[in-house]
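Student: My structure is below; once you've seen it, I'll send some questions.
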Ligand SMILES: [Fe+2]
Ligand SMILES: [Fe+2]
């Protein structure tokens, strides 16, 4: 073997041996780390929720399920009018699809936590559908003004809940916070979508906006309790 080639060959072999020794060195160290006899013990399980915290979460799940139910029926009412509108239809359908997921998530959480669902389901369905279809019949701008008003109140409502839930240090509550945070963000996206699609050009916009926001706040007050 020519001398320069031999040197390169020996150097490469040396490097390979060093790499191999590094890999075989690293593995036992990692394994050994888990076997240290004095490793710190796993953290204790979280303290169970108090009855007061459970009641608070139950009322949150109840009002959120009712709100998402109402939102679904608002979009259902709007889609009854805009189904064949190639511009507005897909915009409303996208928001409705997200509302369907919000509702199914709260349906699941209500079942899993054995919370009594809202006793006023037919009322929220009727009110939602009437509001959605009624504003859509006035026009696209009024439908979007409805969405803007509703999502403004729902965004604030979810923010209020997030502030309350931040006071409870529990992994299950942390999961619920993540769900509400995601939905809050999506509701605010709906609000932005409505503004982009001319919500503020609706006829009698200030009165319409104020009336719908007031109605939503009243509905939240009732749904938290009934
Ligand atoms: Fe929603
Ligand atoms: Fe929404």
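Every residue, even glycine, has its Cβ placed from backbone N, Cα and C.
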Student: From the candidates 187, 189, give the one listed by TrEMBL for the same Fe cation 1 site as 68, 99, 102.
Tutor: 187
Student: For the Fe cation 2 site that TrEMBL assigns to 99, 187, 190, which of the candidates 141, 148, 151, 156 is also assigned?
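Tutor: That Fe cation 2 site, as TrEMBL gives it, pairs 99, 187, 190 with 151.
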Student: Using a 10 Å radius around its CB, how many other CB atoms surround residue 102 (Fe cation 1 binding site)?
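Tutor: Around residue 102 (Fe cation 1 binding site), other Cβ atoms within 10 Å: 23.
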Student: Across all chains shown, how many C-beta atoms besides its own are within 10 angstroms of the C-beta of residue 99 (Fe cation 1 binding site)?
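Tutor: Its Cβ has 24 other Cβ atoms within 10 Å.
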Student: Sort out the sequence-distant neighbours of residue 68 (Fe cation 1 binding site) for me: same chain, 6+ apart, CB within less than 8 Å of its CB, listed by position.
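Tutor: Expected: 99, 102, 103, 106.
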Student: Filtering 99, 151, 190 (binding-site residues) by proximity to ligand 1: which pass a Cβ cutoff of under 6 Å to any of its atoms?
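Tutor: With ligand 1 as the reference and 6 Å as the Cβ limit, the list reads 99.
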